[in-house]
C-alpha cells in the first residue's frame, strides 16, 4: 500500500503530562497490574515513557479515544479503507501500554503511540502487509514494537527475515508466545525467535495460565534441541484495558501479557537519557535486563516460565548501571533444581547414552553482530568433572544481537559406575566490532554454570531409544493432525518430541524406572546392544535401505525390542483434506497421513508385518482398561504364532465422517486387528495402530498401561497373561496381497520435506561422538556427501560448528494468530495470516 493512502493523526489532547497527575490515581489502582509491577515507583521518579516511540501492530485505534494523550500516527496496511479499530483488540493493547483512564491505567502514559492497522475487521492479514508495515517502522525509527499475534510457521522466511531486520535496526520487539497451552511445543512465531522478547501469561496467583503456550522451540528438531522460551512471563489473566471507544474491560490471553511487558519496556527505555538510548539499549540489553531481573516462580519449569515473572524495579536497577556485555540465557543448568530444570532434572547422565543436548541463547548487548572468539571450554570444579565430555556447537555469527550455544554432553566410558554430582563452568568469550568512536573490539566473557547428576549405566532392559529422526512436522509441509475428529487444529505442529507433546508419557516412563534417550539420526547411528527397546511413534518419513537391513539384524540377532505406534493413512482421505491457499494461489494436500504407512510397511516387511489403510474409531477394553482408538489404522499382515487383538470399530476411510457422525449413522462395526505381539529371533516386536493415546495434544484416553506392558515384553520378555492369551495366538498368518497394501502418493515431491528421500545417510551431532559425520556403526565413511540435483552440498569437513540452510520452497502461509480473547477461538484459517 502506498504512503498516500495513509493518514496521520498527531498529539491527542488529554491529561497533563506531569507525572504528578499520576500519583493522584495510585489509591484507585492498587489492584491493577501496573501497581503489581511497581510502575508507580517509576512514575514518581518522573519516568512515564516520554519520548519513547511505540509501534502497535494490531487492529488499529480511534483517533479521538479519550484514554490516550499521545497518538502520534495511525497507518492502515490492509485492503480496507479505515484507520479505526472496529474489533477492540488494538485499542485494548494500546490501553495496557499507555492508557490513562483511572480504571485501567497503562504502564507508560507518555509513550508516543504509532498504531499500525495490519488486520481487517474479519481478523485477516497477509505476510505482505506486515512486510510493508515493518519497513515503515524501520523508516520512522521506532523504539519498541508490540506484536500480540503469532502463528506456527517459523519457516515463513520473508516474515522471519524481516523480523531479524527490525531488531537489527535496534527496534525492541515484544511478542505474545501463544494461547495453545497447556500443550507443549506450541510456541508461536515471532515470539519463538531469539532476538524477540517472547512473553507467556500467568494469573494473579503466579500460576502459569492454562492458555499460555509452552516451549521448547522446535526449529532445531530433529538433530538438535529446542531453546528456552518464553523469555519471561507476565500477568495475562483478567487484565484491565481500554474498550473500543470509551471505558474499560477485562481480557485474558498472552496478547494481554505481551503489552504488559511492552509497557514495562517503554518505562525502562525512558530511564535512559534520550541522547544515550541507542548506545545503551538494544534488543539484547533489554532482554538481559528483563531475564536477569525476573523473579523465578516456584513450580513451573523453564519451558513454561522462562526466566520468571517480569520484575520492573529489578530490571530498572540493572539498566541504571548497564555496560554493554554478552551473557548466556539460561546462565545455570542445575539438575538438582527440579522442577525448574525439567526435563533435565528428571533423568541423570550416564555413560554410553546418546548425548544430552542443552541449547542456551547468547545475548550480545555489545553490538548487532558478534563472534565467538575461541571455542568454548569446560572447567570442572572437581576431579570427577573430568568424567564429563562436552562437544560444543554454536553460532558462527551472532546476529542480530543473539546466537546459540549448544552443549552435547556425554559421560566417558570410565564413568560407567560413577554416581554423584559433577559441577563446573562453561566459559565462552564473545567479541563485537568497536562501536562508533571506539578503536578496539568489544569483548565479554560469558559463564554457564553446570551442576549435573550422574548415575551408573542402567541395565539394557530399562533403556529406551526414541526415534525423532523419522518424524516430520509442520512447517515446512502440510502434515495433518493425527486425530481426524479434531477439527480446530488441522496441523501436526507440536514437534512430536519426548519433551513437547509426549512430555506426559516421558514423565510416566521415568516414574516407571525407564531411561529414555533420543535419536535424531538414522538407525545406523546407534548401537542396538545398549537398548532394550526402540520406540517408533507417529512417524512420517521414509527409511534408508541401510536402516531397514540394520534394524532386521538388530532385532533378530542382537535382541533389540521394537515397539511401533502407527497412525491413519488413506490417500482418498488426504485428497478430501486439500484446501486452496490464497497466498500461493494453489491447492495444498497433506503430503502424508497421520503416519507414513507405506514406509513403515517397508521397514516391517522383513518381519512379515504390514498395516492397512482403514481409519478406525471406537472404544475398547483390555483387562478392564478402557481406551479410545482415534483415527488409527489396522494390521493386515502378521506372522503365524504371533498374538493379535481385534476389536469392533467403525471405519471412516470411505465416508470421511467423524466418529460422532458415524456413531449416529447406525453404521455397523467390524472386528479389526489393531495390536500385535511377536517373538522375532533374539528380539521381540509389538505393534499398535494408533498413537493418540500417547500424545497429549488431542488425547481422549491414555494407553500408558498398554505401553508399560509392551515395554515389559520388548525389553524384558515379560509376557502379560491377557495380551498373550491362547485365544489371541495366530494359528495362521494374517496376509494381505501386495496390491492391496497402502501405496505412496505419486503427486508429492517428498524430497522437500524428508530427511531421507534425496538425502545421504549421515550421523549428526545428536549421535554418539564416535560416529559424528559418518554413516554409522560398521559404516564409517567420512567425507563430502553425494550431490542430488537441486539439493545443497553438506561439507563434513567444516567441523562441528557447521550450519545448514533451510528449504526455501513455497508452502501455505498458515495463520498469524492474535493471542486469545473474546474476539475469536484458537482455530486459524489456512488461507490467511490472522489475529488470535
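Just so you know, glycine gets a Cβ as well, placed from its N, Cα and C.
The Cβ neighbour count for residue 58 (active site, charge relay system), using a 10 Å radius over every protein chain in view, is 27. Residues or ranges marked as active site, charge relay system by TrEMBL: 58 (among others).
Per TrEMBL, the feature active site, charge relay system maps to 89 (among others).
A 10 Å cutoff on Cβ-Cβ distances gives residue 255 (active site, charge relay system) a total of 34 other Cβ atoms nearby, all chains included. Under the heading active site, charge relay system, TrEMBL lists 255 (among others).
For 49-301, the entry in TrEMBL reads domain 'Peptidase S8/S53'.
Look at the domain 'MBTPS1 third' (329-457): DSSP puts its residues at 11 helix, 66 strand, 52 coil. For 329-457, the entry in TrEMBL reads domain 'MBTPS1 third'.
Per TrEMBL, the feature domain 'MBTPS1 fourth' maps to 458-729.
Each residue contributes its Cα atom, and for residue 89 (active site, charge relay system) and residue 255 (active site, charge relay system) these two points are 9 Å apart. Note: the CA-CA distance between residue 255 (active site, charge relay system) and residue 58 (active site, charge relay system) rounds to 10 Å. Over all protein chains present, the Cβ of residue 89 (active site, charge relay system) has 30 other Cβ atoms lying within 10 Å. Taken as a whole, the domain 'Peptidase S8/S53' (49-301) shows an average pLDDT of 96 in this prediction.
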